[in-house]
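Here's the structure we're looking at; comments come further down.
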């Protein structure tokens, strides 16, 4: 343990074996009904790591049936004390902590994450998420209501039922636990589809779920592709709720499928094009580093990425110059290699999309300050890229890039920058840097975003609700608000002979 309280990095695993590659239903491993498998790759080397069973509609049907059986009235899960649900989540956290090195190595090999970030940040967040949600299990309470007349009225917060959960590839394990932990804390059962690019860590945790003692059918995991397994979850008539993290385009399809099937409840955490405003009175040194990390963390593959950086005119030129200097310090390479500070993009599709957007920035007149192309001869690496003189109409200023591409735009006045910051279909996150408290509060109230950070960015914790405005999604995850998404409120009124105050 370091003096700061963070764990020291362990010796890397050199012989990691991927043991768990099947479909997990009823606490057992299954082959896919179709017999199909799909390959899983290391994006840093383009080498195949293993093959995973490819679930589709028939496998989803089996998983939903298991989840429904586990949710029946009188089942071990439904009759379990809420405090016992919490104990199981605490136990799962302990097991994840035991296997922290294995899981962090998987996230790095399969997801292209820097090992240090996977071990310290992602796995650290996983443990905090599980323990936070475990503590809530016996604190999800209803109320008594003083209704008129001789009646006794109270509310119950009941679990929604069978929840379908569709995961992204950028934070595979953290998003898996963000989804299942609040759902299980509230007493739901789940059917989870990991992203096809990054299914391995969720499948490993499936074994820990069984080891922790969760009853069969409570957690089911069906790896597969979005148009097959994901679509089957979204349209399934016996799934009561679906939660999805991913692109806005897919989020629309999921909401449409939910509406056309059984009007299942939907929680969506979608894309963003988040503005970050740096005023001339900001602490420049800190603002430079924070705005840099706000974009380049995990190769820019974060929904929170501050991908529209607005800098006040009087400090613009210096800010651009120093931002370029910072971007040029990166060391690209295999994310398991000590000293490497930038890994690969997740796959060829994302790699090509990012390079296309970089080319559009060049063609539309933005000034390329550094980077602007691929790196190396294998793996999906892209040079850290900075554009200046970016106008609001350019594609790189409007579209979510999801890559290591920073756009720095100039502004003159407070009213102007607020209007420009809000001129987007997205509304996920926003930030500002200023020493002026009045300005900070004014901007925070005016920005149309689910989270606004002041003099910091990307500060995410289990205690805080997370979600977006506009086309960045519906509902909230984590914090007390996140549990509301996994309960139904029932009003119970009982006739009594006499009511007394």
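The count begins at 1 with the first shown residue.
Glycine residues also receive a Cβ, built from the backbone N, Cα and C atoms like all the rest.
Since this is a predicted model, take the numbers as computed values, not measurements.
Feature annotations, reproduced from Swiss-Prot:
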- 2: N-acetylserine (MOD_RES)
- 91: N6-acetyllysine (MOD_RES)
- 128: N6-acetyllysine (MOD_RES)
- 167-170, 193-196, 226-227, 246-247, 269-271, 349-353, 400-402: NAD(+) binding site (BINDING)
- 170: site 'Transition state stabilizer' (SITE)
- 252: N6-acetyllysine (MOD_RES)
- 303: active site, nucleophile (ACT_SITE)
- 336-501: region 'Mediates interaction with PRMT3' (REGION)
- 337: phosphothreonine (MOD_RES)
- 353: N6-acetyllysine (MOD_RES)
- 367: N6-acetyllysine (MOD_RES)
- 410: N6-acetyllysine (MOD_RES)
- 413: phosphoserine (MOD_RES)
- 419: N6-acetyllysine (MOD_RES)
- 435: N6-acetyllysine (MOD_RES)
- 495: N6-acetyllysine (MOD_RES)
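Projection of Swiss-Prot feature records onto the structure.
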| residue | record | contacts (Cβ under 8 Å, 6+ apart) |
| --- | --- | --- |
| 91 | N6-acetyllysine | 212, 213 |
| 167 | NAD(+) binding site | 175, 176, 179, 192, 193, 194, 195, 202, 245 |
| 227 | NAD(+) binding site | none |
| 349 | NAD(+) binding site | none |
| 353 | N6-acetyllysine | 401, 402, 403 |
| 367 | N6-acetyllysine | 387, 388, 389 |
| 419 | N6-acetyllysine | none |
| 495 | N6-acetyllysine | 150, 151 |
All-chain count of other Cβ atoms within 10 Å of residue 269 (NAD(+) binding site): 26
Helix, strand or coil at residue 367 (N6-acetyllysine) [DSSP, three-state]: strand
Separation of alpha carbons, residue 352 (NAD(+) binding site) and residue 252 (N6-acetyllysine) (Å): 23
Averaged pLDDT, computed only over the residues in the region 'Mediates interaction with PRMT3' (336-501): 98
Fewest other C-beta atoms within 10 angstroms, as judged across 170, 337, 413, which are the recorded positions: 413
Neighbouring C-beta atoms (10 Å sphere around the C-beta of residue 352 (NAD(+) binding site)): 12
Modified residues: 128, 435 - member with fewest neighbouring CB atoms within 10 Å: 435
Among 128, 410, 435, which are recorded as modified residues, the nearest neighbour of residue 352 (NAD(+) binding site) by Cα: 410
